[in-house]
Every structure is written in structure tokens, then in C-alpha cells.
Amino acid sequence: MERQVLLSEPEEAAALYRGLSRQPALSAACLGPEVTTQYGGQYRTVHTEWTQRDLERMENIRFCRQYLVFHDGDSVVFAGPAGNSVETRGELLSRESPSGTMKAVLRKAGGTGPGEEKQFLEVWEKNRKLKSFNLSALEKHGPVYEDDCFGCLSWSHSETHLLYVAEKKRPKAESFFQTKALDVSASDDEIARLKKPDQAIKGDQFVFYEDWGENMVSKSIPVLCVLDVESGNISVLEGVPENVSPGQAFWAPGDAGVVFVGWWHEPFRLGIRFCTNRRSALYYVDLIGGKCELLSDDSLAVSSPRLSPDQCRIVYLQYPSLIPHHQCSQLCLYDWYTKVTSVVVDVVPRQLGENFSGIYCSLLPLGCWSADSQRVVFDSAQRSRQDLFAVDTQVGTVTSLTAGGSGGSWKLLTIDQDLMVAQFSTPSLPPTLKVGFLPSAGKEQSVLWVSLEEAEPIPDIHWGIRVLQPPPEQENVQYAGLDFEAILLQPGSPPDKTQVPMVVMPHGGPHSSFVTAWMLFPAMLCKMGFAVLLVNYRGSTGFGQDSILSLPGNVGHQDVKDVQFAVEQVLQEEHFDASHVALMGGSHGGFISCHLIGQYPETYRACVARNPVINIASMLGSTDIPDWCVVEAGFPFSSDCLPDLSVWAEMLDKSPIRYIPQVKTPLLLMLGQEDRRVPFKQGMEYYRALKTRNVPVRLLLYPKSTHALSEVEVESDSFMNAVLWLRTHLGS
């Protein structure tokens, strides 16, 4: 019987990719001020920002669209778009002022060559640009941080000043042999200025500046900066402790100072992207005296402090352990006036029944407080879904706002005056934009959602969640009784299920998870006729802290066994073609995939690995997160000592490279040459070992790409090559 897979021509796959990749993704939303019409009606504008792949320009474009939401104070009466979308070129950050009358925009302009790109901070009011400041020309600091780790753009409550984070201005450096020609017609003062020894430091042009790792290259020493909107004067704040790097800052009550998160950078910086375990604390620096005050425990890790509307309390996430790299967090509350800190929501060791399984988001939304400053709203993974929750900060109760829905996943974009803006999607439904009012306390489950922007469901994609219990011989002795889940996508109504091939995708991390949200690659594969199995093995987030802690020391074993067990169970229950199973994984998902083709070579006909971890031992000295190597191998990390021989041996023993002699599955490797997280030499090590043994292997090396391989040109090329690899080795 002919196999029911849409792989007969590469052009068909390219056309399908071109169509599905046009689905835009929501990146941000903000709410305008309340407006009352002459007839007494009330409405607010919703400003949304989106991104979309542009295959003609080979870049991600950003655009905005506005909507009007008419309401009666408790529910939405009418909502709809206000005009078409507009591309926003060059915008790095933007923020509405507290009153909504002004908007600050950080914009890049100029060329793309070194030193050609400039940054401008603009202030807009109504229908005009009120101010524009050339930050690059002012030379008060280096480039402004626009990332979500350190970056911020915060209006003072008085709307007279703007707070942001930028790279500290570096001293000029020149060669020992640099000479300057003196103008004989210059004045004595000008000649003296040119001769000043402090104009440039000789011999420092090649001094190494340590940065914050993957996706944070050139970000080394952040400083807090304040712009006086009226005068244009920029001040770099003093008083920040020298041993920490500041970020995520906002104005304290009364504008008397600034609250910020400070990350320790001694004795050296570790990669911070996707690592919520970096030692950090909450600080307050007084603008008048320059005194800096510690507001939280300084031995833990914190993130995303958010000031309540009444300016009395600060809520933030706190991670009670510096290992592993991501985990269940506490929700903490700091009272500004009593100086008392309390834990509102604690770490959840294990989910009981359908109860709350803990907080796993890495950042709280910028707008997360209810109007009465009593409740906090956020989204978090709960097993294989992502739901919205409201927490009563007085009593600590957690209530789901989206439980009992259709099984998809939610993301909160913002909440203001109890009006929530959220995103909803499923594996077969691209993101839709919704608004709804937060009900009064005790009635949170009765949110009435109204769609602002609907998306068309993608036909012929069926999906569901499978709960899996490891067999007794695979139980974790210390953390017994843990289950895990997998999300299964399959083509709608195939003529013969036994002819359907399956692609298995373990996630990276390892402490992350798949949720039932829109994902381009799985949807593409499913539309081509593949069943796609997304496995949340033990160690994934969303299943309780015990599940996360069960994996360090057991990588290469527990995670691999879980994925293999999931594959065998699904093949047995669904009767897919067991002779046509392939693997596709990136980072730790690539680590698991390469383990599987070594430990279970008879199961898999093809494998695609993106920036995989191959040899934990050899990665230790080159990655931006050496602590990951040690901790996941099962040992405590210390920055002041090297592992002993037994630790090196254990790291090697838990690595896919150990199983090279058994590998016979054809492998496609995709590596980013600028990857700081899993340096591309990891994949090269595996490539050479397979070539030596005549195993079919192909290597794609993307020169300017990083760990995620997410650049539009790279992403599209890697997908098409993956499809062709599957076509070649699974057969069409």
C-alpha cells in the first residue's frame, strides 16, 4: 500500500512551510487610558505587537495593531480592530506613561556595520514626536539593553523621567604605537587636550570583557540610567554594589529611588538566558543619598519584581535553590512600608490530583496586579498545559482562570484595571487574541472571554495528551511514584494508521516542557502525514519540584528511558508504523535523541539533532553554563575548584558519545557556529566519530547562528533539510 505521507516533492513541503510560517506570534500588549464617551459609554484601546517570519526578506518582522474594547466596568460589551496592522521598524522597546498621554520608544537607526547603528530614545505625545534623544551621540553609556533579562524602560510616576539599563561606557583604548598628528595652527589649549594621557588607555584595545553568555554577547556591565525628559540630561545612577549587575528596574513609590534586581557576577559570569537560578537579590537605591538597601535574601535567585497599583507592595518570583537551571518558584510579597517579606505561594513538591502544581514562569507579566492591589495574575505550565491563575496575596489562595477549557494553552499579556489581555492557542490553532475582565474574588473561574483576533484552525491535525506511568523497574528510588506526559499530534483520518510514520521530539532544557500551544514544526510534520510525539519526560517543568529534582544525576538514563517507554506505548496503542520512527531534538532534546539511537538502534530509522549535547565532560570548559554539566551529572557545582577524575568519568559515562559503537541510524546534524550554550564542537565530535564508523551522517553548519537556530533563513533551511532527510531515510 502507498504510504500516506506528503513527501513526494520538496516543493510541496516548501509551499506548506511558506503558508504556515505566515502565522504571526503575539509578543506584547498594553492598554490605553479609560475613555468615557459623551453618551456615558466607556472604552479602552488595546495596543498589540506581533512578529512574523518574512521569507522574502529572510527576517522576523514586527508590526502592531490596535483594537477598541467597549465595556461596562465588569464585562466587555463590544470589541474589534481599529484599522490595519502597521510594521514597526527599528523599535527595540516601548512603554506608555502611567497616564497614557505619552509613549517612550527606544529605536535603532542607521547602518548595520560596526559603529553605524545608533539608538534614539523618543517621546511621543498625541499625534507628534515630542522629543528625540540620540543616545549614541551623547556618549553617556554604551548600547541600551532591550532584552527581557536585564532590560527595562520605566516612566517615573511623575512622568518627568525615564529609567533604562545600558552597557557601561568603556574607556577608549589604543595601540602603544598610536600617534596623532598635531595641528600646528591649533591653540595651546587644543594641543594640551590632545596630549592628555587619559584620552585613551594604551594597550587596552584587546582587553577581554566577560559577557552574560548565549544571546547576551557584548552585554557585560549594565548600569542604571535616568533621562530627564524636559532637559535631556542623562544620569548614570551611583550606589549600585560593584559585585552585582542591575536590571529589571522600576521607580520606587514617590520617585525617591529605584528598585532593581542585582545579579552576582563574581568570580565570573555564567550564562543567564533560560537560567533562572543565577544568584540575585532585590535592591533599592536612593536617588538623593545614593544609599543602596538590600530588600530580599541575598543567597537565592529572584526575578521580575512588580509594584502594586497602590504603590504599597512589590511581588516577585524567588527560586529557593541555585540548582537546577529552572525549577518551581515561590511568589513573594514585600511590603514597602512595613519592610516585611512573606511567601504568598510556596514551592509545590508534587501535584495532588488536579490541584495546582506550582509556578514555572520565568517572568511575571509587566502588568499582573488587579485594580485593588490584592490579587496577582500570571500564566504557568501545569503539566502539559499552560493556564492563567489568580493569587490572592492576602491569604495565598491560587485559582485557575482557564481550567475546564478546551485543553489549549494560555499566556497573559497584561492586565490593567482588571481588564486582561491574553493569548490562546492549541497545537492545531495558531494564537488568538482575547480580552476579559477579572471577576471579583471567589468568582475567578467565570471569566467571559471575548476574541479580538481569531485564527483559523489548521485542518486535519488531531491532538491529545497521554499520561504515562514508568514501569516498576524504571522508578526513581528517591522520587517514586512520578508520572509524566506526552502530547500526540496525528493526521486526521488517515486511510491506514499502520502506514503512518512517527517523529519523536523530546524537548530541550532539560527543565522545560512542551505545552498544548501552537508550534510550527510539529504542525508542519503532522500536515505532511507524520504522527508527532512530544514527550515531557520526568524532569520537565509543570509537574512539581520532585519531578524536576529527580533528573539531575540521572540524565542519559531516566530521560532516555521515559522517551523510549512513551514511544513503545504509543506505537502499541495507536498502531502506527513501528518500522518508520524518527527522532528530532535540539539541545538536551538532541542529547536524548543521540542517546536513543545509541541505546535503541533498532527502533529509529532516522534522526535530526540540532546543537545537541554530545559529551558533557568536553563541554564543561567551553559552554557558558559549566554548572549545568556538573549539576545534571549529579554533582554539586563550585566555581573555585575543578571536578575530580570520578566526576569527569561520570559526565562522560552519561553522554551520548559513549554509545557511538552501537549507532547505525542515519543522522542529520544542524549546528550554529555562534552557539555559546552548546558549542558547535560538540556536534563536530559526534560527526567525526560517526564518519569513522561509516554511519550515514550529514552536517549543516550555520555560520552566524546561535543555539536556537531561530533566524528565519536558518530555521527555514533547517526544516527543509530535515524534511528531505526524513524523506530519504524513511522513504516516501
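Cβ coordinates come from backbone N, Cα and C, glycine included.
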- If Swiss-Prot marks one of Ser185, Ser513, Ser639 as phosphoserine, which residue does it mark? Ser185
- Item | Record-annotated phosphoserine (source Swiss-Prot) among candidates Ser75, Ser187, Ser638 | Ser187
- Task: Tell me whether Asp675 (active site, charge relay system) sits in a helix, a strand or coil according to DSSP.
- Result: coil
- Task: Provide, as an integer number of angstrom, the distance between the C-alpha atoms of Ser587 (active site, charge relay system) and His707 (active site, charge relay system).
- Result: 8
- Do you know offhand how many angstrom separate Asp675 (active site, charge relay system) and His707 (active site, charge relay system) by C-alpha? 5
- Which residues of the same chain, at least 6 positions away in sequence, have a Cβ lying under 8 Å from the Cβ of His707 (active site, charge relay system)? Glu214, Asn215, Ser587, Asn611, Gly672, Asp675, Arg676, Arg677, Val678
- What is the number of other Cβ atoms found within 10 Å of the Cβ of Asp675 (active site, charge relay system)? 24
